[in-house]
Amino acid sequence: MGQLFSSPKSDENNDLPSSFTGYFKKFNTGRKIISQEILNLIELRMRKGNIQLTNSAISDALKEIDSSVLNVAVTGETGSGKSSFINTLRGIGNEEEGAAKTGVVEVTMERHPYKHPNIPNVVFWDLPGIGSTNFPPNTYLEKMKFYEYDFFIIISATRFKKNDIDIAKAISMMKKEFYFVRTKVDSDITNEADGKPQTFDKEKVLQDIRLNCVNTFRENGIAEPPIFLLSNKNVCHYDFPVLMDKLISDLPIYKRHNFMVSLPNITDSVIEKKRQFLKQRIWLEGFAADLVNIIPSLTFLLDSDLETLKKSMKFYRTVFGVDETSLQRLARDWEIEVDQVEAMIKSPAVFKPTDEETIQERLSRYIQEFCLANGYLLPKNSFLKEIFYLKYYFLDMVTEDAKTLLKEICLRN
């Protein structure tokens with residue numbers, strides 16, 4: 001686990017307000033979960049010594065992050081793979097309970113919401129293809145209540161169809177953000193490789209597909225949107241990770257957190273970005289009234305602290321896909337016992353006492369390990385309860401667990 005904080009080296013770093021805002025400077029603009037304006041407000045209130053207003057500002061920021069709702073409209077013609085795309089983003093299989101219905105026949109005649117199973121404030125709306133409704137483009141968008149969505153994703157497979165162009169034009173005219181996703185590129189690559197084994201060039205095939213999309217938009221007088229090539233069967237390849245990055249960076253700051261932690265753990269990069277988002281959240285929580293004190297913290301954890309820690313660990317394990325349900329799914333897919341999957345990672349055993357070590361002793365050891373690895377968290381005249389350190393420790397542990405399982409998944413596939 002890498003060093004999270006550096007030791008204070010100047011008077012500027014050696015005060016609480018500067019420590020608070022300075023921490024967020026390590027995250028680039030597209031990765032922050034709180035705006036600079038709010039950070040400046042919190043720092044100002046800290047400098048004035050108004051603890052109540054400071055805590056109020058931090059609490060309000062956390063509430064806005066937690067309560068923000070993201071509505072994503074996904075539209076495309078029958079067979080384009082839009083329902084599979086929605087299921088992929090929700091981290092569930094096409095045949096699992098609650099999955100968006102897939103098929104070669106249009107199964108969506110009205111818009112249908114699909115909440116993310118772990119982050120219910122993230123909602124994907126499966127819209128019927130415009131061709132199946134017989135509505136003109138503008139009427140289609142009105143019927144689908146276009147104004148309710150944060151952005152649109154247009155899904156298209158194989159070659160462009162008139163309906164793809166019509167819906168893109170209508171969305172553009174209404175000044176709504178949209179992204180174009182060309183699916184099933186794995187099939188295109190396979191077909192080219194089989195048909196032209198001597199001259200096959202994978203990168204050229206992808207380049208030609210992308211260029212065809214660009215030219216089609218231009219020929220129809222549409223400013224080309226962000227274009228992404230992907231396969232719902234191989235989401236860790238092609239443009240899927242790039243698409244996720246683009247969507248997050250384009251979102252309003254306060255809506256980024258929920259979307260980021262909802263994403264499937266398809267690459268080490270996605271897992272690491274989740275960790276960076278959650279680090280910021282823990283930092284905000286660390287300055288809330290129940291974690292920052294003007295007197296030294298207790299040398300032991302209260303029962304209420306343990307419950308808070310268990311809740312945090314459960315949340316981290318869920319968003320990183322190492323919770324009990326996810327482990328059971330992996331065990332079923334790999335045809336092994338759940339205990340064997342649990343043995344590959346560390347987080348399931350954190351709150352299980354052993355003959356050698358009680359839970360309290362284990363948590364105390366974690367705190368010591370964390371402090372040795374990270375040095376100063378805040379100026380020496382500030383005191384934080386152990387729960388703050390442990391949340392960071394748990395986050396690092398679960399992140400590494402997720403990477404371990406992802407590596408195992410790749411080896412077995």
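In case you wondered, yes, glycine gets a Cβ from its N, Cα and C as well.
Quick look at what Swiss-Prot annotates:
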- Gly79, Gly81, Lys82, Ser83, Ser84, Thr102, Gly103, Lys184, Asp186, Ser187, Asn232: GDP binding site (BINDING)
- Cys236-Cys410: disulfide bond (DISULFID)
- 68-250: domain 'IRG-type G' (DOMAIN)
- Gly2: N-myristoyl glycine (LIPID)
- Thr102: (Microbial infection) Phosphothreonine (MOD_RES)
- Thr108: (Microbial infection) Phosphothreonine (MOD_RES)
Of Thr102, Cys236, Cys410, which recorded positions come within 10 Å of Lys82 (GDP binding site), going by C-alpha to C-alpha distance?
Thr102
For the recorded positions Gly79, Ser84, Thr102, Asn232, Cys410, the largest set of other C-beta atoms within 10 Å encircles the C-beta of Asn232
Suppose we draw a 10 Å sphere around the Cβ of Cys236 (disulfide bond). How many other Cβ atoms does it contain, all chains included?
18
Give the distance between the Cα atoms of Ser84 (GDP binding site) and Thr102 ((Microbial infection) Phosphothreonine), rounded to the nearest whole Å.
7
Lowest local Cβ density (other Cβ within 10 Å) among binding-site residues: Lys82, Asp186
Asp186
How would DSSP class Cys236 (disulfide bond) in three states?
coil
Take the C-alpha atoms of Gly79 (GDP binding site) and Cys236 (disulfide bond) and report the distance between them in angstrom, rounded.
21
